[in-house]
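Visitor: Can you keep this structure in mind? I'll have questions shortly.
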Amino acid sequence: MALRFPRFSQGLAQDPTTRRIWFGIATAHDFESHDDITEERLYQNIFASHFGQLAIIFLWTSGNLFHVAWQGNFESWVQDPLHVRPIAHAIWDPHFGQPAVEAFTRGGALGPVNIAYSGVYQWWYTIGLRTNEDLYTGALFLLFLSAISLIAGWLHLQPKWKPSVSWFKNAESRLNHHLSGLFGVSSLAWTGHLVHVAIPASRGEYVRWNNFLDVLPHPQGLGPLFTGQWNLYAQNPDSSSHLFGTAEGAGTAILTLLGGFHPQTQSLWLTDIAHHHLAIAFIFLVAGHMYRTNFGIGHSMKDLLDAHIPPGGRLGRGHKGLYDTINNSLHFQLGLALASLGVITSLVAQHMYSLPAYAFIAQDFTTQAALYTHHQYIAGFIMTGAFAHGAIFFIRDYNPEQNEDNVLARMLDHKEAIISHLSWASLFLGFHTLGLYVHNDVMLAFGTPEKQILIEPIFAQWIQSAHGKTSYGFDVLLSSTTGPAFNAGRSIWLPGWLNAVNENSNSLFLTIGPGDFLVHHAIALGLHTTTLILVKGALDARGSKLMPDKKDFGYSFPCDGPGRGGTCDISAWDAFYLAVFWMLNTIGWVTFYWHWKHITLWQGNVSQFNESSTYLMGWLRDYLWLNSSQLINGYNPFGMNSLSVWAWMFLFGHLVWATGFMFLISWRGYWQELIETLAWAHERTPLANLIRWRDKPVALSIVQARLVGLAHFSVGYIFTYAAFLIASTSGKFG
């Protein structure tokens, strides 16, 4: 009996129903709730599992390199990045016979293949990889790192190598090591790689270990560094006629401030990127020496936070008590980490397309669309997770005595004001934005488009103008040709920036109008509503006027029994659950907007977006319906084409999405009756009744069914849009 799953909970292991399996899976990673857990074991388990996570990541990236080297066309892509389609891997068994084999044999391959829309070819090319041998070497190195990570994870579970709790709670040492070691040293190492390998490769020079010490990355070597003539490293940059990967038009500079894009690759100058990483390395190496550890000098985090008491007394005791609260709560730390990572991931999405760092990626439209969408969805899930763990912190880890009258306590004290303000903002945005869209819809329907309410986003246009965009005629700051900022920008810093901002061949500061104004406010509505639900869930997690003892019921409870009305749907988990729907909804609008604006830009018919995006029917007809036509045509009476797999995924995504509602709408009683009927039939069916199981089948709990429904809804939603996005973009641009 003792060895039944789950071993971490004897209570669950003895459960005679299938609840044992589902609750076991649900709580497998909730180490805090396991039998015999101690604080020390909790920290050690999490620490060891991080190594496992790293091993999986290294194995996965190794697999990417290996499959491209084995089955891809990297070497022929390198010869002509704009016209050869990059291959991700082969397709072993193309269904549907010869037509499928022909449809999927592309990119110069001998058999059916998948095309890569991840941007890895452009990335590897930019950082100096050129041959399949390079890719195999990288794959083997990452495989080695994966093995090392697994060994390290195992090692740190052995008694002699288990770190103590005090080691995990040494905030200053952790800050120093993460800032200097993780960010500082790795940024410096990356600068080294760019300067010694990638920049020479972009100029046609092949640097590897065998000639690494013979090839000077700069004609004067380390001379300028030691003599203080650092500006020499910026002299003679690549010319505007430079052909990437060759010596033609190449310069000798290694650290520059050119600004703008390389004319041929439409990506940031590699020498600018190296300079950026060197600056980051310097900042973080300094930052990693600021906190007090062995030598009694530097900042103490506790002293810093305790000293943060606003002089006017308007924020009470400020940050007093926060050090111990944060340092003793893994959920608080995880919440902060997820919030930061979520914002960074969304920023990655925004910057990867507007300031592309990888050569030729800007001309690979499907990859641009896929990467933007991918990073925005990831950001959404991570950000909602931040609030979930914030709520768990309030339930499990928050100590009111320790935080008396500090900023945390005051957040809880005036939560009504916070929640009602967010509610007001959401209602205002929602009614006004929908009102404008619906008004415009009606005007179009009645044949009077001139009666639409079209609002120019003048403040946003003014901000774009301040950054140098001249087409609006605002004549302010960088767009004022007579101003000192403009003149300095021409010579001292980033001379390429102003050209880039005013060129129409990139995605920097796209021209905006009334359609952008409306969808911007629709997205603002989504963001504020998602935030409202998440913030309310966290701030009410300990209790509310309706249910003052809520924290005693834990993070996820369905209701407090039948005798206490109004306690259903108000657990902190329910808030997270509802917020994920709004998050998906919002990112849907974000990605629709990005994609439609860009396909009209790439096709040269921006007027279609400008004219159709001001009313709802325009979005439905001219974006969704018009662009799904290729998708619905993946299979037709005349055979099939290379979009057929996306057509299938589009259908399959809808199916998964719709299945979600089956779990979301019907509750336990329905399923319990169905299960008992099926079990009855099973026991009376010859042959089938030879198979028996020990656990009595029971329906999922309310909370579990919601999770399963939410998972299907999310996965189906993303599958459907991914298929639409990739098929509609690749169908147009290849």
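The backbone N, Cα and C atoms fix where each Cβ goes, and this holds for glycine too.
A quick note: this is a predicted structure, and the numbers were derived from the prediction, not measured.
Annotations per Swiss-Prot:
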{"type": "BINDING", "residues": "Cys559, Cys568", "note": "[4Fe-4S] cluster binding site"}
{"type": "BINDING", "residues": "His654", "note": "chlorophyll a B1 binding site"}
{"type": "BINDING", "residues": "Trp671", "note": "phylloquinone binding site"}
{"type": "TRANSMEM", "residues": "46-69", "note": "transmembrane segment"}
{"type": "TRANSMEM", "residues": "135-158", "note": "transmembrane segment"}
{"type": "TRANSMEM", "residues": "175-199", "note": "transmembrane segment"}
{"type": "TRANSMEM", "residues": "273-291", "note": "transmembrane segment"}
{"type": "TRANSMEM", "residues": "330-353", "note": "transmembrane segment"}
{"type": "TRANSMEM", "residues": "369-395", "note": "transmembrane segment"}
{"type": "TRANSMEM", "residues": "417-439", "note": "transmembrane segment"}
{"type": "TRANSMEM", "residues": "517-535", "note": "transmembrane segment"}
{"type": "TRANSMEM", "residues": "575-596", "note": "transmembrane segment"}
{"type": "TRANSMEM", "residues": "643-665", "note": "transmembrane segment"}
{"type": "TRANSMEM", "residues": "707-727", "note": "transmembrane segment"}
Visitor: For Trp671 (phylloquinone binding site), what is the secondary structure state per DSSP, taken as helix, strand or coil?
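Guide: Assignment for Trp671 (phylloquinone binding site) reads helix.
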Visitor: Quick check: in three-state DSSP terms, what is His654 (chlorophyll a B1 binding site)?
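Guide: Once the DSSP labels are grouped into three classes, His654 (chlorophyll a B1 binding site) ends up as helix.
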Visitor: Tell me, please, if the transmembrane segment (707-727) and the transmembrane segment (575-596) are in contact, taking contact as 3+ Cβ pairs under 8 Å between residues separated by 6 or more positions?
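Guide: By the criterion, they touch.
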Visitor: Do the transmembrane segment (417-439) and the transmembrane segment (517-535) share at least 3 Cβ pairs under 8 Å, sequence separation 6 or more?
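Guide: Between the transmembrane segment (517-535) and the transmembrane segment (417-439), which are separate recorded stretches, there is contact, as judged by 3 or more close Cβ pairs.
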Visitor: So of all those binding-site residues, Cys559, Cys568, Trp671, which one's Cα sits nearest to His654 (chlorophyll a B1 binding site)?
Guide: Trp671
Visitor: Restricting to the chain of Cys568 ([4Fe-4S] cluster binding site) and a gap of 6 or more, list residues whose Cβ falls under 8 Å of its Cβ, or answer none.
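Guide: Within the chain, Cys568 ([4Fe-4S] cluster binding site) has Cβ neighbours under 8 Å at Pro558, Cys559.
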Visitor: Please report, as numbers and ranges, the same-chain residues at least 6 past the borders of the transmembrane segment (46-69) whose CB is under 8 Å from any CB of it.
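Guide: 31, 87-89, 116, 118, 120-121, 124, 132-133, 135-136, 138-140, 142-143, 145-147, 149-150, 152-154, 156-157, 163, 168, 330.
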Visitor: Same chain only, sequence gap of 6 or more: which residues have a CB within under 8 Å of the CB of the residue listed as 'phylloquinone binding site'?
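Guide: Residues satisfying the criterion: Ala699, Leu700, Ala705.
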Visitor: Tally Cβ pairs under 8 Å between the transmembrane segment (273-291) and each listed stretch (135-158, 175-199, 517-535, 575-596, 643-665), then give the stretch with the top tally.
Guide: 175-199
Visitor: Would you call the transmembrane segment (575-596) and the transmembrane segment (517-535) in contact, using three or more Cβ pairs under 8 Å, pairs 6 or more apart in sequence?
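Guide: Yes, since the transmembrane segment (575-596) and the transmembrane segment (517-535) share at least 3 Cβ pairs closer than 8 Å, they count as touching.
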Visitor: Would you mind checking how many other C-beta atoms are within 10 angstroms of the C-beta on Cys559 ([4Fe-4S] cluster binding site)?
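Guide: By my count, 16.
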